[in-house]
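Quick notes on the structure that follows.
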Amino acid sequence: MCNKRASQYHKVEIPPPQPFLKSLKNTLNEILFADDPFRKIRNESKTSKKIELGLRHVFPILEWARGYSLGYLKSDVISGITIASLAIPQGISYAQLANLPPILGLYSSLVPPLVYATMGSSRDLAVGTVAVASLLTGAMLGKEVNPVQNPKLYLHLAFTATFFAGLMQTCLGLLRLGFVVEILSHAAIVGFMGGAATVVCLQQLKGLLGLIHFTHSTDIVSVLRSIFSQSHMWKWESGLLGCCFLIFLLTTKYISKKRPKLFWISAMSPLVSVIFGSLFMYFLHDHFHGIPYIGELKKGINPPSITHLVFTSPYVTLALKIGIITGVIALAEGIAVGRSFAMYKNYNIDGNKEMIAFGVMNILGSFSSCYLTTGPFSRSAVNYNAGCKTALSNVVMAVAVAVTLLFLTPLFFYTPLVVLSSIIITAMLGLVDYEAALHLWRLDKFDFFVCLSAYLGVVFGTIEIGLILSVGISVMRLVLFVGRPKIYVMGNIQNTEIYRNIEHYPQATTLSCLLILHIDGPIYFANSSYLRDRIGRWIDDEEDKLRTSGETSLQYIVLDMSAVGNIDTSGISMLEELIKILGRRELKLVVANPGAEVMKKLSKSNFIESIGKERIYLTVAEAVTACNFMLHTAKPDSTVPEFNNV
C-alpha cells in the first residue's frame, strides 16, 4: 500500500456548477415530490390522457372502479355491513365521550366515508370517529364552554373545530408537508395513545357506576377523586349490568384474537350488546331506575350545519386551536393505520393524498353535522379481516348507517349508557400497547423514555400536556441526532483496504502516526462546535496513548466524510479553524471521500486552496497510503506532495 504510485490516485471531482433556479427547483422537488407523483402524467403526450390521469390521481375511485368485478362487490358488501354493525354503537359511544349528542356519532359515519371512498387511496381503511380525538374535543372544548349550560354553542364550536382540522389537513396535503405529522415518533404515539386510552377507560367508570356529576378534568388523580368521593352515589344495578356486558365484549374479543377467522364475533358483539341492553331496559326499566339510557335520537339523515360555524372572536381562536391539535392526532393515526394494512396487502398509499382526503371529508363533514373523523384501527382491522377489496366497503357502511338514521333510530331509545361505556373500554384496552412498550425497552431505552413520558404526561397531567411532551421530546431527540452526530475512530481490516469503526470491529488495527475519524452526519451550525471539541478530545486521547506506549508521535488526522451529506458555512468555518488549531500542534488535516454537495461548497468557500488539493482524497485507503508515503519519504514537518488528485 505504501508503494502506490501517485498516478494511481483517483481524482476527487468538483460537481459542475448549476444555475441557481435549476438548483432550487431540484431541491424543492426532492423535498416536496420525493415520490414523483406526476411521473405518469408528465410522460403522457395526449392532453385528454393527461386530464384522465390527473382525475384518476385526485379521485382514486376512478382507478379501482375500472377493474371492479362482481366478486369484489360480494366481499365489499359483507365487509361494509360488518363494519356498520361496529360503527353504529361505537359512533354513539364516542359522541358521548366528546359530550356531543349521540346522533352525531351516526351522522359522522355517513358523509365522511362517502368522501373517503372517492378520494382515499387505502383499500382497507374504514372511516369514522375515534375515541382519542373525541376525548380531546370534549376535554379542550369543555374547559371553555359548558356543554350542559350552553349546548348550542358547544355543538357549533365542535363543527367549527372540525372545519379547521379539515382545512389544516387539506393544506398540509396540497403543500406536500406530510413530514410535519411525522414529527411525532412511533414511541411518542404509543405512549400518547396508551395514556389517552387509560384516561378514557377511567372516565367510563362514570357510566358504569351510574354517576351523574363528574369531573371535567382528565388526569387520573381528579378522576379517581371524583369517583371515590361519590361512593354513596354508586348504583349497583348500573355496575352489575356494565360488568356483564364488559365481560361479554372482552370474551368475544379474546376469541377473535385467538381465532382470526372468527373476527365477526368481536365485530358484531357491540351491536349485540346494544340490542340486548335495549331489550333489557325496554322490558325492565320500571324496575331499574338506577340505569340511565340514551333517550330519543332524532330521525333522518344529516341536517346542514354550514351556517352554524362560528368565526367570531373569541371563539374562533379556541376552535382553531382545537382543530389543529385534534387534526394532527387524527391525521397521524389515520395514515399510520392505512400504511400498516397497505403493507399487509403489498400496495402503497400516498400520505399526501390521504391528508387531502381526510381534510376534504372533515370540511364537508363540518358542513353536514359531523365532527372529526379519521381511520380508526379497530374498525379498519374488522374491515381488513372481513375481506374487503376496495374502499366501496365504506360506501356500504354509509348506506347501512343512512338506513339506520331514516328508520331505526327509535330502537336505540332504551340503550343503557353502561353498554356504551363497556364498548368504549373494550375498544380502548387495545390501544394500551404494553408489548410495544416492552419492545422499545429492549431495543432503545431512549425511545422507551419518550413513550413513558408521553404516557405519564397524559395520565397525570392533561391530554395537552401529554401531547406537548410527545412533540417536545420527539423534537429534542431530533435535535440531538443533528446536534450530536456520532464520531468514531476507524481502523484497517487486515489484508484489505477497508476501514471500519474499531468498536464495531475490534480486530481492526489503527495505524501509527495516523488518526482516522469518521463523522456520521451532516456538519451544520448546530453541531460544528461540538465536532471541533470532540475531534480535539480524540486527538488528546490518541496522543496520550502514543506517549504512554512510547510510539511515534501523531502526524496526520484523516477525516472520513463519506457520511457527511451536507455542510453549511458554520461547518466550513469549523474546518478552517480546525486546520489552524492542528497547525499550532504540528498536525496536518487530510479529508477523505467528501460528497458532491460538500465538495461544491468547499470549492466555493476556497477551503480547498486553504487545506491544499494534495490533502483531499477519494477514499480513506488512498488518504492513508498518501500519508504513509509521506511519512516514509519526507521529514515530519514537510507537506504532503501533491498527487494531482483534485
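Cβ atoms here come from the backbone N, Cα and C positions, even for glycine.
Some features that TrEMBL has for this protein:
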type: DOMAIN; residues: 504-627; note: domain 'STAS'
type: TRANSMEM; residues: 125-142; note: transmembrane segment
type: TRANSMEM; residues: 154-175; note: transmembrane segment
type: TRANSMEM; residues: 187-205; note: transmembrane segment
type: TRANSMEM; residues: 233-250; note: transmembrane segment
type: TRANSMEM; residues: 262-284; note: transmembrane segment
type: TRANSMEM; residues: 315-336; note: transmembrane segment
type: TRANSMEM; residues: 356-378; note: transmembrane segment
type: TRANSMEM; residues: 390-408; note: transmembrane segment
type: TRANSMEM; residues: 413-432; note: transmembrane segment
type: TRANSMEM; residues: 452-480; note: transmembrane segment
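Residues 86, 90, 95, 98, 100, 104, 107-113, 115-116, 119-122, 125-131, 133-134, 137, 158-163, 165-174, 302-306, 309, 326-327, 330-331, 333-334, 337-338, 427, 430-431 of the same chain lie 6+ residues outside the transmembrane segment (356-378) yet bring a C-beta within less than 8 angstroms of a C-beta in it. Long-range contacts of the transmembrane segment (452-480) within the same chain, counting only residues at least 6 positions beyond its ends with a Cβ under 8 Å from a Cβ of the stretch, are 135-136, 139-140, 183-185, 187-192, 194-196, 198-199, 217-221, 325, 329, 437, 446, 526. Contact check: the transmembrane segment (125-142) against the transmembrane segment (413-432) gives at least three Cβ pairs closer than 8 Å, residues 6 or more apart, which meets the contact criterion. With pairs at least 6 apart in sequence, the transmembrane segment (315-336) and the transmembrane segment (154-175) have 3 or more Cβ pairs within the 8 Å limit; the two touch. With a cut-off of 8 Å on Cβ pairs spaced 6 or more residues apart, the transmembrane segment (262-284) and the transmembrane segment (390-408) reach fewer than 3 such pairs and are scored as not touching. Proximity of distant same-chain residues to the transmembrane segment (187-205), defined by a Cβ-Cβ separation under 8 Å and at least 6 residues beyond the stretch ends, is recorded for 97, 131-132, 135-136, 211, 214, 218-220, 223-224, 227, 329, 332-333, 336, 421-422, 424-425, 428-434, 436-437, 440, 444, 447-448, 450-459, 463, 466-467, 470-471, 473-474. The transmembrane segment (233-250) is not in contact with the transmembrane segment (390-408), judged by fewer than 3 CB-CB distances under 8 Å for residue pairs 6 or more apart in sequence. Within the domain 'STAS' (504-627), the DSSP-based counts of helix, strand and coil residues read 63 helix, 22 strand, 39 coil.
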